[in-house]
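Have a look at the structure below before the remarks.
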């Protein structure tokens, strides 16, 4: 059962759930908390590798990822990031989220943005128990026009679901947690699997 708005506020008030900066009550609706777009992005460099063999030797996968991913792009205030049709880009939420060991989170895109062709997450919308950091967004423009994305705009909504008990291996305690404490648009670390 997902938390309702009153429960989300109570979990924020008692410190079990952390969202920084804390959203105003107007952004906590029904069963979700609206989140905004941060100012950090990564893109894919065009045709710098013929392919990436995801099951190949780790060193080769790592080298291929280094060739295809841009350095982090940090937008100055007021600037827009343009996502063209058919392009994939990574970004982060403005908010940093901290989940306790007995709560899982879910990120959903906004319907208004989806109706323009913007996918906010390609597949990875679960936020593990014990997570701490900003949430990476996997943008894809499936529409016909470029989309101007500006830091601070509403970009998605988080919902939260209590677990039957605390997780035995929460994200923040795992040695193999590849994205622990991420604050920027961290590229894929599939080579660490």
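Cβ atoms here come from the backbone N, Cα and C positions, even for glycine.
DSSP assigns residue 137 (dCTP binding site) to a strand. Positions annotated as dCTP binding site by Swiss-Prot: 110, 111, 112, 113, 114, 115, 128, 136, 137, 138, 171, 178, 182.
The number of other Cβ atoms within 10 Å of the Cβ belonging to residue 138 (active site, proton donor/acceptor), over all protein chains shown, comes to 18. Per Swiss-Prot, the feature active site, proton donor/acceptor maps to 138; the stated evidence is sequence analysis.
Annotation comment: Swiss-Prot describes 169-193 as region 'Disordered'.
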Have a look around residue 112 (dCTP binding site) and count the other CB atoms within 10 A of its CB, chains all included.
9
List nothing but the one residue from 114, 137 whose Cβ has the fewest other Cβ atoms within 10 Å; the candidates are the binding-site residues.
114
Whole-number answer please: how many Å between the C-alpha atoms of residue 128 (dCTP binding site) and residue 138 (active site, proton donor/acceptor)?
17
